[in-house]
Each structure stands twice: as C-alpha cells, then as structure tokens.
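Structure first, commentary second.
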Amino acid sequence: MVDRARKPSALATTPGLPPQPQVAFSSDNSSVTATLPTGESVSVLLYGATVVSWKDKNGDEKLWLSEAAKLDGSKPVRGGIPLVFPVFGTAPDHAQTKSLPQHGFARSSRWEFLGKSTSESTPTPTTPAFAATATSAAGAVAAAAADMSVKLDFGLSSSSLSEDARQKWPYAFNAIYSVTLNTDSLTTNLVVTNDDERSWECQVLMHTYLRVDDITTTSITGLSSASYIDKTTSPISTNTQTSPVLTISSETDRVYTPAGDSPASVPITVLSNDKPKFTVLRDNLSNVVVWNPWIEKAKGMADFEPKEGYKNMLCVEPGAVGTWQVLEPGDALEGAQTIVLGGKTE
Ligand code: TA6
C-alpha cells in the first residue's frame, strides 16, 4: 500500500461507545425483545402490547406465564402483564362500556411498535463509580453499560381497533404504552388521550402476574389500613386491611385503595420468606388489585397451566379502577408502575 507523505495522524483514542442495548423482532414479527448489555431482557407481544417475559441478568424469569397461554392473538394472554382499558372487569350498568368484553379491548388489540430509545447515566470522572471502574477505557465503558436502560413504545388508537371494538366503544382515543427496562426494574407507562369531541370515561390497570417461589411463603406489605373490595364474597364486601402483612391461603381477589396515597403512592412489597422480592411503585394509579385464583379457579381456566401454577404466581395490579376517570375532549390520563427487584424503592 502506498504510504502517503502527509497521512493524517490517528484520531486520539477515546473510550468507545459502551455496548448498546439490543432490540430485535421475532421471526414472525409478533413480538419485540430488548436486551441490555448486562443481560437483562424484556419481551413484548404486539398483541395487547403484552409483556410476556422479563428476565434479570442471570436469565431468571420474573413474570408468570401460563404454559397454555395463547400467544397467537386468539385470546388475551394468561400471564405476563396484560393491559386493561377502557374497563376493568365488566360493567353491565355502565352505558359506555357495558358491551365490551371483560377488561376491555386493549389486551386483545394489535398495537403498533413505535420505536425504541436508550439512555445511560454515564458516570462522570468525579464519581466514585467512575473512579473505581474507569481505571481503563474498558472500565469506563463497563461503568456506562451498567447504567443503561431501554424504552420500547407501542401505540393503539381508535382507527386501529377492530370493527367490533369500535362499534362497542365508538370514541376517538389514542394510547401510548411505554415499557422501560433497567438493570434492576421494569416500568410500564400508559398515556391515553381523548381525541373525541365528546367526553368519555375509562378505567385502566396493569394486570401483572408476578412469579413467586411459593405462594404459601409469600407475603405482601404496604396495604396496611387500606380499604378493599373483596370480590370473593357474595355479596361483594368492603373491608379494611387491618394486618400490616397480607398472606394468601385461598382464592384472593381484592381491589385495594391504599391509605395515605398522596402525593406519592405507598410502595407495595412482595416478600418471599420475609425477604423482599419485588417492590411495586405506582404513579397516578390509586388502586392495587391482588389476585390469586387458588385451586378451583385455576382448574376452571383452560389456559391456566399447570393447574398447580397458582402456587407460583401472584397478581399485583396497579390501576385506576375504583372510580371512572372522566376525560374531556383533549384530556390525557397517565399512569405507571415500576417493579423494582428486591426491596429498593429509590
Ligand atoms: O384482576 C383480577 C380479575 O379481575 C379477577 O376477577 C379475574 O377475573 C382475573 O382478573 C382474570 O381475568 P381474565 O379475564 O384475564 O380471566
């Protein structure tokens, strides 16, 4: 090769970009998976924008997904994080939503993938983290990679609804659902806007199926003194959570309104053998549904497998379902949950 006389000097070497999160579609384009450089991953089915998997850096699954869950769009997913909008449960006495299927159409509609964004809080040269690890360019790259996060955005609007859903709920709306994966947490954020000339009202909820080691050694804190509706009694009853710790030993289906939930919401912690496993933080979602079908209800659900699976799941579902959220034309409703691994709540 001819050595040119005035070849420019090599650019000063600077630490390369830290390894970037990877985002990939499944081969059939039905789902998208994001993976952090440190190994954590999240998978979202476009059907329902349903999070169907969230794994930590060791590949340990944090969500429960039925082995019989339909992932082909034929019915809402049994497990993961189905989205509930515009109605929680069914509302036969509610004119606007009485014709809708249980939990509304969000979890059974095909959402559009809108894109991804990544962020990192690169440790500055003065921070101990940087100093401790950035003893080399590789160290600086590793330090930055350790702080990475990736956000996946999904969209649904009235124009992308099925004809059937549109006929049953003829209001103009737009919904943006963001799923953000951090090294130690997962955040799901929903924004719905009223694009109609009429006001309409809705309920929203994130129907999270957490994976637990053993429901009989699992407990929940953060609900002390909260009022709750118990849907397992007949008639449905309103009660107050007197014990600071909730344990599950039978079918449990409760809509809690945690006490003292303003301005910040009370963290809900799920413990395994008294060791914090998940902390659920809520933003603008004033209710928490706690559900475990237990033996008989698990047997009664064809897509709930294995039938013993009730021992390894607990639904902790942040939502705004106690009352109807009224959206005037142009109004927006935003709500989010952050599930932190372990007991950290910062
Ligand atoms: O969130 C609890 C609940 O409303 C239960 O009453 C039970 O119906 C559960 O949701 C599952 O509902 P699904 O429509 O997914 O079978």
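Residue 1 is the first one shown; counting continues down the chain.
Just so you know, glycine gets a Cβ as well, placed from its N, Cα and C.
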Would you please say which range out of 1-31, 32-62, 187-217 has the annotation region 'Disordered' in TrEMBL?
1-31
Chain-internal residues, separated by at least six, CB under 8 A from GLN102 (substrate binding site)
GLY89, THR90
Please check each of the binding-site residues ARG78, GLN102, ARG107 and report the ones with a CB atom less than 6 Å from an atom of ligand 1, ordered along the sequence.
GLN102
Nearest by Cα to HIS207 (active site), of the recorded positions ARG78, ARG107, GLU317, is GLU317
